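Reading through the structure tokens given below for one structure.
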Amino acid sequence: MCGILAVLGCSDDSQAKRVRVLELSRRLKHRGPDWSGIYQHGDFYLAHQRLAIIDPASGDQPLFNEDKAIVVTVNGEIYNHEDLRKSLPNHKFRTGSDCDVIAHLYEEYGENFVEMLDGMFSFVLLDTRDNSFIASRDAIGITSLYIGWGLDGSVWISSELKGLNDDCEHFECFPPGHLYSSKLGGFKQWYNPPWFSEAIPSAPYDPLALRYAFENAVIKRLMTDVPFGVLLSGGLDSSLVAAITARHLAGTKAAKHWGAQLHSFCVGLEGSPDLKAAKEVADYLGTVHHEFHFTVQDGIDAIEDVIYHIETYDVTTIRASTPMFLMARKIKSLGVKMVISGEGADEIFGGYLYFHKAPNKEEFHRETCRKIKALHQYDCLRANKSTSAWGLEARVPFLDKEFINVAMSIDPEWKMIKPEEKRIEKWVLRRAFDDEERPYLPKHILYRQKEQFSDGVGYSWIDGLKAHAETHVNDKMMQNAAHIFPHNTPKTKEAYYYRMIFERFFPQNSARLTVPGGASVACSTAKAIEWDAAWANNLDPSGRAALGVHLSAYEEKIASATAGFEPPKIIDNIARMMEVSSPGVAIRS
């Protein structure tokens, strides 16, 4: 990931303004420690902090067309850049960078070229011939981007809030799949696939078609000129990514440079579910496995840095971002600059445990659509900013445009969770890779129950966060929470604690409005809470809040409850925990 910052039409082309833009751009230096660049054309400024993944030697930005009339600063990866280059035989490219095609495509096709890009990206393009500009963000919002407006009429574009929040009168999230045009004076949506309307698809389930589509999505992300690896939690999604990468790495350009043995990375508390499962998968696949341990105190000590970097006060995101943030630092210290990750599968296939309660296929499908559309505010934000904090790039094949089109066209009846038919969550994905002749994964890993990342790193992580928040937020503070934080009022002491830290870094009203709100259970949208009346009284984003569904959490709590107690005391202790402990320990039909 790189960091981009553009200040456009600011009515000030002074040296002082250039110094200010450079100062703000340096706030994004963690995203791109390899190179800094700035371009000025009158009162237009394009700044860039580069993380060099493709063509490290000559791909510095900003990038230009042949006569330098078109200037672009880009954050991201364009996976089909070689095919796009071939489609532009009359153009000469200055670098080998995958992003070099953007200026030339604009010259050839105008604003409509964005649909041709296959990848993750955010960019700002300036046409100096008429001083017009466009900015765009990838289809799902894998890369982070914000837009703001100054009192002097200027438009600001930045990869992170901290690049513009102190200088803009108003700012907001740049919507995924959109383009901002100075000629239009606003946004237009360029990504509008059939599933976006939430119409119910009817295509039959074809396991091989699904398998091939995902394999292609992973293979195209092996494009790299620097050392890379995979994030491996031991769950289904990351394990499939690792399995496919391990199969196809040999023979790639990356393997010729860095070797054909895959490196994998996992983080967790000592003895956590993820560490155990990831080690087993790594041994099965033959990866060079790196296991990172952290303590609850390590995570708590990092909370303020995490919130500063990920720029949200959402509870689920902070819980999951912290171990990822700690892991990214370790990975970067090994010289690795890119990782492939498993984000997005749960949204596409209804993998969260609360989907067990989906009342019908129509509502199941609509919830997956709602979840995908919100990814840029949750998992994409976490994956992008937790890794970018240390100059590490995360690629997410489940959010490949072509793969999403295949997966979201399947009749959702096939995605429904039906225990009586032995169809657990994400069954269609599991079945697609259940190859008896040449197994991708061991059976029990292929059919391992969903474990949210913030749970899988160790259940005591969330409990430790709650206990820490208790020491910083008292009951009187909670009583007045609605007066202090009228927007997205925190409902728990943990949420209140995060909100205090966030507002210290980002005190503007526009900043708090960039963070989503609303009730949630086990990562559901507010709408899905209607699926089960009991959830209204158990609003916790942990997967353990899916009462009666999360089996391993229940088993761990029972084991914990019985440890060190004589038989007569065991029942009383379990009952007490069911009343007051973390969600997910109660059993009901």
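Note that Cβ sites are derived from N, Cα and C of the backbone, with glycine treated the same way.
Annotation comment: TrEMBL describes CYS2 as active site, for GATase activity.
Look at TrEMBL and you will find 2-185 tagged as domain 'Glutamine amidotransferase type-2'.
Cβ neighbour count for ASP98 (L-glutamine binding site): 25 (other Cβ atoms within 10 Å of its Cβ, all protein chains included). TrEMBL lists ASP98 with the feature L-glutamine binding site.
Cβ neighbour count for VAL267 (ATP binding site): 29 (other Cβ atoms within 10 Å of its Cβ, all protein chains included). As annotated by TrEMBL, ATP binding site applies to LEU231, VAL267, SER341, GLY342.
Here the Cβ of GLU343 (site 'Important for beta-aspartyl-AMP intermediate formation') has 26 other Cβ atoms within 10 Å, regardless of which shown protein chain they belong to. The site 'Important for beta-aspartyl-AMP intermediate formation' annotation in TrEMBL covers GLU343.
Within the same chain, residues at least six positions away from GLY342 (ATP binding site) with a Cβ under 8 Å of its Cβ are LEU231, SER233, GLY235, LEU236, ASP237, SER238, SER239, LEU240, VAL241, VAL396, PHE398. Among LEU231, VAL267, SER341, GLY342, the residues given in the record as binding ATP, the maximal Cα to Cα distance rounds to 14 Å. Taking CA atoms as the reference points, SER341 (ATP binding site) and CYS2 (active site, for GATase activity) are 18 Å apart. VAL267 (ATP binding site) and GLU343 (site 'Important for beta-aspartyl-AMP intermediate formation') are 16 Å apart (CA-CA, integer value). VAL267 (ATP binding site) sits 24 Å from CYS2 (active site, for GATase activity), taking the C-alpha atoms as the reference points.
The separation of ASP98 (L-glutamine binding site) from CYS2 (active site, for GATase activity), Cα to Cα, is 13 Å.
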